[in-house]
Amino acid sequence: MTRIKINARRIFSLLIPFFFFTSVHAEQTAAPAKTVTVEAKNETFAPQHPDQYLSWKATSEQSERVDALAEDPRLVILWAGYPFSRDYNKPRGHAFAVTDVRETLRTGAPKNAEDGPLPMACWSCKSPDVARLIQKDGEDGYFHGKWARGGPEIVNNLGCADCHNTASPEFAKGKPELTLSRPYAARAMEAIGKPFEKAGRFDQQSMVCGQCHVEYYFDGKNKAVKFPWDDGMKVENMEQYYDKIAFSDWTNSLSKTPMLKAQHPEYETWTAGIHGKNNVTCIDCHMPKVQNAEGKLYTDHKIGNPFDNFAQTCANCHTQDKAALQKVVAERKQSINDLKIKVEDQLVHAHFEAKAALDAGATEAEMKPIQDDIRHAQWRWDLAIASHGIHMHAPEEGLRMLGTAMDKAADARTKLARLLATKGITHEIEIPDISTKEKAQQAIGLNMEQIKAEKQDFIKTVIPQWEEQARKNGLLSQ
């Protein structure tokens, strides 16, 4: 059992921000002044917040791209028919937010503002320019249209104005002035009984992270961002909500199942875990207080692994040494990964077996209960694995979700075996070779050579035009 202590250093780290910011709490929770334009250029705030700015800039050191599809080609099959089957990399530093959404194969290779596969909403977690545009055009104006429309406007990487009321006098004096810069996030927090302006400072610290590190979907004709929390934040609650409104992100091209794609539900999984339940915030673990060269405390904005700052993070509460805690976390991660792979194997078979049933003439009515099981199994699997830190945030909940996903996938396959038998198919359905990402993509009919060539042309021709236009309009520093 993990032992927890509340030592003097932990108390000191918690009390400093409390006493430091109590005097400005009322101003900090006030809404940004409507008459002041959101400033999206992060370097503008370096003079007032030099340590925070330089540590934020250091997220550019987190530059490695890890290809999740190459590590686990099963994902290609599970996301067949969806852009994630083309390209899915693990997350890296905030300094790459705009670059990565521009360069991923998922956003396509649009030639003009009305072209491309994805909506404007795909910019929503990438840049303080989003807050600027929402303030300028309203939410309807911002969300309207295709992703490419935002190219010349959304050019600054995730930064200051995403989490701080940078227009406030207190921010100019060096205070943090936290805010929810996305109105849809504020509405979601209110829906779960957490209005931002009434929340305590520690709650607010995690809520600003929860604007983006969260599950969401694109709602209505305008494809506006909405969090599916109306019925609650657990996986079953969100599943019920999506089913009730008959929402699907896409239809799997093999099984023809209307699917749900989880995003990055760190806020939900953190809330369900031991740290969230004890109000140990995102900031405590990922952005600890550290000292600069003069000995002044500041919040480290090089967001990263808590083990990289062990003395300022884990050691504030835990008595175990770093190696002991790393061993615990590694074991939890391995347990979750082992069950994850088992669920994926079941789902891969279910998608191909469903395709075989459809090819054999199965009707919509015959397929409906099977597709429901596939949909629910993959949703629960996805919500567990899309939160990359679930082995740390909520390992028990991760295993529980994966366990229910396994049950649902097994139910689907049992029903498929019976249905296939009625169609005269009693042999095992053959699965093509999907041992590599490339073979899996070929199995679902993707022309990756063409997709990559089109993307490279887009990167070479369209992105430079966007940046040139942004500089002319004063949106990027020269």
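Even glycines carry a Cβ here, placed using N, Cα and C.
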Practice prompt. May I ask you to find which of His94, His144, His318 Swiss-Prot records for the heme c 3 site already listed with Cys209, Cys212, His213?
Written response: His94
Worksheet, complete the sentence: Of His49, His164, His393, His427, the one that Swiss-Prot places in the same heme c 4 site as Cys282, Cys285, His286 is His393
Practice prompt. Write down the one residue from His264, His275, His301 that Swiss-Prot lists together with Cys160, Cys163, His164 as binding heme c 2.
Written response: His301
Response to the item:
Quick note, Cys317 (heme c 5 binding site) and His213 (heme c 3 binding site): C-alpha atoms separated, nearest Å, by 24
Fill in: Nearest recorded site to His275 (heme c 5 binding site) by CA-CA distance, among binding-site residues Cys122, Cys125, Cys160, Glu215, Tyr216
Glu215
Worksheet item: For His286 (heme c 4 binding site), what residues in its own chain, 6 or more apart in sequence, show a Cβ-Cβ distance under 8 Å?
Response: Ile303, Gly304, Pro306, Thr313
Fill in: Per DSSP, three-state class assigned to His393 (heme c 4 binding site)
helix
Fill in: Cα-proximity to Cys209 (heme c 3 binding site), 10 Å cut-off, over binding-site residues His164, Gln263, Cys282, His301, His318
Cys282
